[in-house]
Amino acid sequence: MAPIVVGDSLPDGDLAWFDESDQLWMIPIHSLAAGKKVVIFGVLGAFTPICSMNHVPGFIESAEELKSKGVDEILLISVNDPFVMKTWAKSYPENRHVKFLADGSSYYTHDLGLELDFSEVGLGIRSRRFALLVDNLVVTVANIEEGGGEVTISGVEEILKFL
């Protein structure tokens with residue numbers, strides 16, 4: 001499947017999310033993005049070094065700035081189970097705005113065309129690093145990394161340039 005690009009409609013799909021009361025929800029992405037400006041970013045996996053020390057903290061630290069520039073929702077997607085995502089989210093007590101969404105079977109990541117196979121190193125199917133800016137379900141920015149290395153175009157600094 002071809003990766004999502006600027007001008008594409010955001011596909012719908014259910015992702016798992018624990019709310020602030022630790023209740024598990026299967027939430028349609030369209031319910032979070034319809035009629036809104038949202039940032040959706042994806043990482044290789046919870047607790048992985050680059051994701052945990054660079055990619056995710058950048059969005060958490062810049063959340064207020066993103067909100068001040070008109071972003072309604074900041075959504076993190078990872079191919080992990082919801083319990084791992086809940087624990088990972090709690091490791092950032094300063095987080096007030098980034099929702100940690102689990103795509104446990106990578107169905108949604110597949111629908112975005114952003115799967116990456118890391119089976120050779122024991123990680124299975126994962127997501128490419130990416131950052132999307134979506135306005136009322138239409139992709140206006142699609143910053144997709146080529147491999148699983150450093151954060152270059154999918155970091156918060158790059159998204160801020162478009163706001």
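Yeah, the Cβs are placed from backbone N, Cα and C, and that goes for glycine too.
According to TrEMBL:
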type	residues	note
ACT_SITE	C51	active site, cysteine sulfenic acid (-SOH) intermediate
DOMAIN	4-163	domain 'Thioredoxin'
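Taken together, the residues in the domain 'Thioredoxin' (4-163) have a mean pLDDT of 93 on the 0 to 100 scale.
The number of other Cβ atoms within 10 Å of the Cβ belonging to C51 (active site, cysteine sulfenic acid (-SOH) intermediate), over all protein chains shown, comes to 22.
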